[in-house]
Amino acid sequence: MLGMLRWTTAGESHGQALIATVEHMPAGVPVTKDEVSYQLARRRLGYGRGARMKFEQDALTFLTGIRHGLTLGSPISIMIGNTEWDKWTTIMSSDALDMEDPDNVAAMSSGRGAKLTRPRPGHADYAGMLKYGFDDARNVLERSSARETAARVAAATVARSFLRETLGVEVLSHVISIGASEPYTGAEPTFADIQAIDDSPVRAFGKDAEESMIAEIEAAKKAGDTLGGIVEVIVEGLPIGLGSHISGEDRLDAQIAAALMGIQAIKGVEIGDGFEEARRRGSEAHDEVFLDDNGVYRNTNRAGGLEGGMTNGETLRVRAGMKPISTVPRALKTIDMENGKAATGIHQRSDVCAVPAAGVVAEAMVTLVLARAVLQKFGGDSLSETKSNIDTYLKNIEERMKFEGLEDGA
């Protein structure tokens, strides 16, 4: 759709830089490098992260679309430089290499430059090598790497500011469980709890759940294995009517699910009570509507804030399930694509568990989808125009919900 908020990323894991591009963001949205850096640092959080996180820094440059801390309405480009690029200049060179040069031969025949011919089960390596005709899995894994999500988090920081300025809402996440840990079942956190969540080594909201998750990670680390888990994203204060029932692609739950499934290693998504709803009878599955002097309210939120593909005024609640990291330290069985012989998967440096970071990436994707939905609903070339359109809509909703002659208890 012309004029619709769009985002894309470019770059490889060990390339010179990652690029995040955001198009059709209104003018006047405040953006700072400090805020982007803060969100990128949150993405690196988590007990069980690998050694790479200790030196994987994010060198930021705002290339286009921002002037004096405000968006211009033109395409926004943010570059995240690779601080280790000097170690990869030959291996990831965009120029053709002179293989008569002994330095190039040495760089490309051993260590990180050696051809990777043993695809890792669970990764994009095998299908990617066949689909694109590669004899080196590096041509696949460099782009399929979850390092790419840093660019998505950067793009979403602009969208976060937009949602904050227009609706006054924030997006948060927390980890429900890791591996077979005891899942968190306590009170739903609010944005006021975000610092406490980020201070947790596993981004858990609850000490018992945290301790169970850490124990799982320690056991997996000792066994030379990896873990997945479940994260939850929560957004309070969304207006009624984002999304639409008109067609499948317009349904906000479909858009959110697609965005979350597009995150590396995410294998399942549920909105609200999700799969648990399938076990209930209809009389126990839906959120009844009531009205009092303070307005419409509900006693439950099983739908997770979405009905008929639209926000219904309740808290948005969505969960995503991440599979265990595919790069297993003890290496899984595979074949060598060079000769067809049995082999073990190549072992790239990786984490035991990246679920805490996945929560931050899930926040980013939900944020981008919500910002797009807000602009689809309210439009606006500038932040002030969008805010004015929202104010008018909310006043109309308020007027619509005034019922004349309603008797007490009716």
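Using the three backbone atoms N, Cα and C, a Cβ is placed for every residue, glycine included.
On a predicted model such as this, the values are computed, not experimentally measured, just so you know.
Residues or ranges marked as NADP(+) binding site in Swiss-Prot (evidence: sequence analysis): Arg43, Arg49. Around the Cβ of Arg43 (NADP(+) binding site), a 10 Å sphere holds 25 further Cβ atoms from the protein chains shown.
Sequence-distant neighbours of Ala265 (FMN binding site) (same chain, six or more apart, CB under 8 Å from its CB) are Ala146, Gly228, Met322, Lys323, Ile325, Ser326, Ala354, Ala358, listed in sequence order. The annotation FMN binding site is assigned in Swiss-Prot to Arg143, Ser144, Ser145, Gln264, Ala265, Gly308, Lys323, Pro324, Ile325, Ser326, Thr327, Arg349.
Of all the Cβ atoms in the protein chains shown, 21 others lie within 10 Å of the Cβ of Thr327 (FMN binding site).
Cβ neighbours within 10 Å of Arg143 (FMN binding site), excluding its own Cβ and spanning all shown chains: 17. Summarising the environment of Ser145 (FMN binding site), the number of other Cβ atoms within 10 Å of its Cβ, over all protein chains shown, is 17.
Shown are the binding-site residues Lys323, Ile325; of these, the residue with the fewest other Cβ atoms within 10 Å is Lys323. A separation of roughly 14 Å, to the nearest angstrom, links the Cα atoms of Arg43 (NADP(+) binding site) and Ser145 (FMN binding site). According to DSSP, Arg143 (FMN binding site) sits within a helical segment.
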